[in-house]
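A.B. asks: From Swiss-Prot, here are the annotated features:
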| type | residues | note |
| --- | --- | --- |
| ACT_SITE | Glu90 | active site, proton acceptor |
| ACT_SITE | Cys335 | active site, S-methylcysteine intermediate |
| BINDING | Cys111, Cys115, Cys118 | [4Fe-4S] cluster binding site |
| BINDING | Gly157, Glu158, Ser188, Ser211, Leu212, His213, Asn292 | S-adenosyl-L-methionine binding site |
| DISULFID | Cys104-Cys335 | disulfide bond |
| DOMAIN | 97-330 | domain 'Radical SAM core' |
Amino acid sequence: MKQTKTKYGKMKQIASNLKLPDYRYEQLTKAIFHQRIDNFHDMHILPKALRIALVNEFGKNVSSVTPIFSQDSKQAQKLLFELTDGERIEAVGLKYKQGWESFCISSQCGCSFGCRFCATGSAGFKRNLTADEITDQLLYFYFNDHRLNSISFMGMGEAFANPELFDAVKILTDQNLFGLSQRRITISTIGIIPGIQRLTKEFPQVNLAFSLHSPFESQRSDLMPINKRFPLNEVMKTLDEHIIHTGRRVFIAYIMLEGINDSKEHAEAIIGLLRNRGSWEHLYHIDLIPYNSTDKTTFKFQSSSAIKQFCSTLKKASISATVRTQFGSEISAACGQLCYENEL
């Protein structure tokens, strides 16, 4: 990552151009990440010349995303952010009873992959987010006194389709910035093989989630056109390599669509897909997700009893599986529901 590519590199360069000692940049990052100061004018520990230069470069605020709409439910908050060019993205904060806070952030404005059950793609693809725009979603929550316990790239867009993703992860794991452990971060993918391979090499401890949704190649290609480019069989081989290299569990997301992918044959095919892969096969975990309805798709919600039966079939075959407990569906903040066209 080039030093001046992200805002933090630019901040360091600005201090250097002013011929200030290195500790001034350290004071700046501490003001952001220890004192949670979002306004450069309020960073009184910094020389006035540096504060003015920072405002001239970035504007008065550290964060570049502006919240313009918010919806809350009992355990979820969905925020609509506007970017400096007027584009919009959504992010979701989740709060659990134990006090744990998790945040689902976006990596793209819209999505180009056209998964039939997902509302995000209906808005079309606008552009990739920069590394700063990705991480600034979290800065907003942090500046508003939230605890960044865990992060998931499960918002709008396919994370591995955005080259800026890895710079964003570097920022998140930099001990002088966000300082997050790799194991507190989860990246979800529809199966972009080069992205999985790069993650394996560069961030082996980051959690990986793979969106399966059908164990049959032809049906998966129909539901998820990306399967024609990266067939399931090839993706699974790549996931095997990831597990062998990292020793880490891979989560396989499976949205339950009534009458589409919920049959006994589907369960048996999943069992066949995960069996006899090798000594590491126990590190695959199936995450069954109740479908969240939207006005953008025509699929139907599967009953909880049917989902539990599907899960039971997998478990009887010694497949690790659970049914995901979801929050935020009532405010369209759950899996597959993010679509900023619904707002305002």
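Every residue, even glycine, has its Cβ placed from backbone N, Cα and C.
Given the structure is predicted, the values throughout are model-derived calculations rather than measurements.
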A.B. asks: Which secondary structure state does DSSP assign to Asn292 (S-adenosyl-L-methionine binding site), in the simple three-class scheme?
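C.D. replies: Looking at the DSSP assignment, Asn292 (S-adenosyl-L-methionine binding site) belongs to neither helix nor strand, so coil.
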A.B. asks: Sorry to bug you, but what's the C-alpha spacing from the residue listed as 'active site, proton acceptor' to Gly157 (S-adenosyl-L-methionine binding site), rounded to the closest Å?
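C.D. replies: Spelling it out, the Cα of Gly157 (S-adenosyl-L-methionine binding site) and the Cα of the residue listed as 'active site, proton acceptor' are 10 Å apart.
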A.B. asks: For Glu158 (S-adenosyl-L-methionine binding site), which residues in the same chain are close in space, meaning a Cβ under 8 Å from its Cβ, but six or more apart along the sequence?
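C.D. replies: In sequence order, the residues whose Cβ lies under 8 Å from that of Glu158 (S-adenosyl-L-methionine binding site) (at least 6 apart) are Ser107, Gln108, Cys111, Ser112, Phe113, Thr189, Ile190, Ile192.
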A.B. asks: Using the residues the record lists for S-adenosyl-L-methionine (Gly157, Glu158, Ser188, Ser211, Leu212, His213, Asn292), what whole-number Å value is the largest Cα to Cα distance?
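C.D. replies: For the residues that bind S-adenosyl-L-methionine, the greatest Cα distance is 19 Å.
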A.B. asks: When the Cα-Cα distance from Cys118 ([4Fe-4S] cluster binding site) is computed for each of the recorded positions Glu90, Ser188, Ser211, which gives the smallest value?
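C.D. replies: It is Ser211, whose Cα lies nearest.
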A.B. asks: What is the interatomic distance between the Cα atoms of Cys115 ([4Fe-4S] cluster binding site) and His213 (S-adenosyl-L-methionine binding site), given in whole Å?
C.D. replies: 10
A.B. asks: Could you tell me the mean pLDDT the prediction assigns to the domain 'Radical SAM core' (97-330)?
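C.D. replies: Average per-residue pLDDT within the domain 'Radical SAM core' (97-330): 94.
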